[in-house]
Amino acid sequence: MNPYVLMILLSSLGLGTTLTFASSHWLLAWMGLEINTLAIVPLMAQHHHPRAVEATTKYFLTQATAAAMILFASTTNAWITGEWDMNNMSNPIASTMVITALALKIGLAPMHFWMPEVLQGLDLLTGLILSTWQKLAPLALIIQVSQAIDPLLLTSLGIMSTLAGGWGGLNQTQLRKILAYSSIAHMGWMIIILQYAPQLTLLALGTYIFMTSAAFLTLKTSSATKINTLAMAWSNNPTLTATTALVLLSLGGLPPLTGFMPKWLILQELTKQNLPATATIMALAALLSLYFYLRLCYAMTLTISPNTANSTTPWRVKTTQTSLPLTISTTIALGLLPVTPAILMLAS
């Protein structure tokens with residue numbers, strides 16, 4: 001892609017998200033979401049592969065549907081209350097419609113079906129943008145309107161997402177689909193705690209972004225899109241394979257890695273709010289996700305590929321890819337647990 005065009009598209013992505021962040025008026029927030037969607041569509045379809053075009057079309061249709069629902073809900077709210085302000089979502093029908101539309105935008109269950117299909121059709125870097133940056137604007141809106149939403153609805157969305165994300169990833173062999181289901185499960189964790197401790201939602205989002213970035217950038221470096229490709233990663237790059245296994249365990253939420261921190265604090269907060277049943281369901285749902293991360297770890301580090309390569313030994317071939325973003329995201333994805341008290345001090 002032409003670098004000038006790429007620069008314009010990435011700037012528009014940033015502009016759309018910033019507009020939504022900065023707005024307290026529904027029309028301006030809607031405009032930011034639309035700019036965001038229109039900026040990523042050319043990035044998704046840039047390879048002109050039929051699969052990429054199909055994924056782009058699916059993505060565009062779901063996002064356009066969600067945007068239309070947001071516009072309809074905010075217009076209904078303005079019609080009834082007389083103002084477009086986000087903080088005044090007093091009408092229950094409008095607020096339910098808004099949360100449904102925003103759930104469709106970020107891929108919360110039961111509106112998650114587009115997410116694995118779309119992510120499977122994209123290259124890894126565009127998939128990374130879709131899994132991280134594209135979640136920011138809708139989540140900012142969900143956080144702003146969360147106090148007006150029925151708590152039972154938010155809890156149901158959270159539990160369904162963690163369960164759907166766990167169950168869905170179990171029988172997958174495509175890495176991008178596994179990461180899509182992982183994303184759905186993580187979104188569930190963010191939504192479940194939103195009404196009780198919004199700062200924990202932001203903490204979970206931050207750790208999720210770094211862990212997912214590390215996973216996507218690793219797969220990009222090793223050019224892996226299927227589980228059986230991972231079995232050959234060991235001989236190519238032993239150090240990267242070892243850190244990748246740890247990143248995957250961090251995504252699963254095992255101590256002493258970064259991914260344990262948000263899950264631990266969220267379960268603690270749910271217990272404090274006298275919701276032991278919800279906390280138990282969430283902890284059990286996390287085990288489902290952990291199973292498919294362990295499958296990936298097993299394929300990467302505990303199996304040796306049966307293939308014999310007759311070419312130049314792969315580890316002698318120098319890579320041209322920059323490794324700094326991967327290094328930073330992997331370090332953060334692995335080593336942030338000891339600074340939990342400091343993060344809690346900042347959050348409170």
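The backbone N, Cα and C atoms fix where each Cβ goes, and this holds for glycine too.
Annotated domain 'NADH:quinone oxidoreductase/Mrp antiporter transmembrane' per TrEMBL: 23-288, in sequence order.
What TrEMBL records for 57-80 (among others) is transmembrane segment.
Among the features that TrEMBL reports, transmembrane segment is placed at 92-113 (among others). Taking Cβ pairs closer than 8 Å, the transmembrane segment (92-113) reaches residues 33, 62-63, 65-67, 69-70, 72-74, 76-77, 80, 134-135, 138-139, 141-142, 145, 148-150, 153-154, 157, 160-161, 163-165, 168, 180, 183-184, 187-188, 191 in its own chain, all 6 or more past its ends.
Here TrEMBL flags 152-171 (among others) as transmembrane segment.
Residues or ranges marked as transmembrane segment by TrEMBL: 178-196 (among others).
Marked as transmembrane segment by TrEMBL: 202-219 (among others).
Per TrEMBL, transmembrane segment is recorded for 240-257 (among others).
Annotation comment: TrEMBL describes 277-294 (among others) as transmembrane segment. Same-chain neighbours of the transmembrane segment (277-294): 155, 158-159, 162-163, 165-167, 169-170, 172, 178, 181-182, 185, 188-189, 192, 248-249, 251-254, 263, 266-267, 270-271, counting only residues six or more beyond its ends whose CB sits under 8 Å from a CB of the stretch.
Per TrEMBL, domain 'NADH dehydrogenase subunit 2 C-terminal' is recorded for 290-344.
TrEMBL lists 324-347 (among others) with the feature transmembrane segment.
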Most Cβ pairs under 8 Å with the transmembrane segment (202-219), selected from 57-80, 178-196, 324-347: 324-347
Distal contacts, the transmembrane segment (324-347) - CB-CB under 8 A, six or more residues away: 199-200, 202-203, 207, 210-211, 213-214, 217-218, 221, 243, 246-247, 250-251, 255-261, 265
